[in-house]
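Encoded as structure tokens, the structure appears first; notes follow it.
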Amino acid sequence: MEKLLWCLLITISFSQAFGHEDMSKQAFVFPGVSATAYVSLEAESKKPLEAFTVCLYAHADVSRSFSIFSYATKTSFNEILLFWTRGQGFSIAVGGPEILFSASEIPEVPTHICATWESATGIVELWLDGKPRVRKSLQKGYIVGTNASIILGQEQDSYGGGFDANQSLVGDIGDVNMWDFVLSPEQINAVYVGRVFSPNVLNWRALKYETHGDVFIKPQLWPLTDCCES
């Protein structure tokens, strides 16, 4: 009986550290500047990517630059990076090189962000609250690597680490979904209003994650929706 109870305690502890759950209407909250607060995510798909779409909500309260979404491999720490640079705007990196979408200031309200890229053309898209920015091109012919370390709240300057508090997010992140293809404009707008098209890399409704440091799970602050998954 004692051995059974010990095994049960280990199982409970493991399930709390490595969640795999429906995060609907919840958000990760990063309440302060830190080099130790972050969330690591485990991808459902382990294969190389010839295209991707990442969508999420972000609500930040910092006047400096910060990381929004960091996807590192052992050969490229900025394999995929979504980053806000103060006074410049949003940048999207693929395989190291990055491209900038100009903006004078970060929105003060929760913002829905979608970033897409495809290897065949190198076309990069950035959507903010269902509205597209001008398309740009980056890393045509590149293939995004496997065995990724995916981090929310920090930028990785090494695989799974190398964090800098001056690049940390202070605020909320939620509704994080990722696909291994480029969503159509109609699909991106549908995701913005609450529908989800079977994410096959990261799925907010069946998320594998681990929190580190002062990160909390709280109800989301952006509009609630009751749309069903397609």
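Cβ coordinates come from backbone N, Cα and C, glycine included.
As annotated in Swiss-Prot, Cys55 shares a disulfide bond with Cys114, one of the listed residues Cys7, Cys114.
Same-site candidate for Ca(2+) 1 binding, as annotated by Swiss-Prot with Glu155, Gln156, Asp157, chosen from Asn78, Asn203: Asn78. Looking up Asn147, Asn166 in Swiss-Prot shows the N-linked glycosylation site annotation sitting on Asn147. Listed in chain order, the residues near the Ca(2+) 1 site other than Asn78, Glu155, Gln156, Asp157 are Ser67, Ser70, Ala72, Phe77, Leu81, Gln154, Ser158, Gly162, each with its Cβ within 8 Å of the site Cβ centroid.
Here the Cβ of Asp157 (Ca(2+) 1 binding site) has 14 other Cβ atoms within 10 Å, regardless of which shown protein chain they belong to.
It is Gln156 that, of the binding-site residues Asn78, Gln156, Gln167, has its Cβ surrounded by the most other Cβ atoms within 10 Å.
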